[in-house]
């Protein structure tokens, strides 16, 4: 699994895929869909599909794939290796959704929640398999939201394909288990080797599982909260855990709008207007000699100007 396309820019969404087995282009195939990393406040969410000919279901079952959440990391890696060795009849594809993509999608003006993002990602992966020539006849999905509605949605989107949506599908259907393993292995590797674009000094990578209730994750979130710029892009800003910490620990700044005078409104709320950061002279007498310029500006060689 080559993660370099995502590692080049881990702020965006990225698709990775195996070669399409020739047999999948001429025989009826089944496909499973599952995800890894839906709940964590840290790192990406990865959606995975795995597909093989219907005639090879028993061979896939013989690989003893299982729900990735019931396996250790070493067991998942071993099973992924077996899936890779079965490349003559098994194929897979992944969509890595960066924390930045997740947060900006959920916080945009037009409501776009995690379920909608998950549905669209799954649909995109099924369409990718079809466009690649895979002869899909059966699709099995671990549900997101009400199973019946999701099944109806997918059936309407892909007429002629038998769609089965079930809770805990990753423990019911080996092809979904295989997709779960691919997704989880990818997420584990991405999180372990995350390339931080921000200058965080001597970085502590002991951030635990990434889930909000993990004590190590909580400690890491407190440690790397910048009072002005918030969190590095490794963190999902849209998660309530991150938002609560920013509300309580970060600097309050009033954002000017057209509805009221920004400076006066900021004074009433006992905080600073954004405009106040542009009022100081670059080299005049009113500059505070003890002021420490934030690294965001020094790294980019930015400074205030009073003339153009």
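Backbone N, Cα and C atoms are what each Cβ position is placed from, and that goes for glycine too.
These features come from TrEMBL:
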- 28-251: domain 'RNase H type-2' (DOMAIN)
- 34, 35, 142: divalent metal cation binding site (BINDING)
Predicted model, mean pLDDT over the domain 'RNase H type-2' (28-251): 89
Fewest other Cβ within 10 angstroms of its own Cβ, chosen from the binding-site residues 34, 35: 35
CB-centroid shell, 8 A cutoff, divalent metal cation site 34, 35, 142, site residues removed: 33, 36, 47, 48, 141, 144, 169, 170, 176, 179, 180, 183
Cβ-Cβ distance under 8 Å to residue 142 (divalent metal cation binding site), same chain, at least six residues away: 33, 34, 35, 165, 166, 167, 168, 169, 170, 176, 180
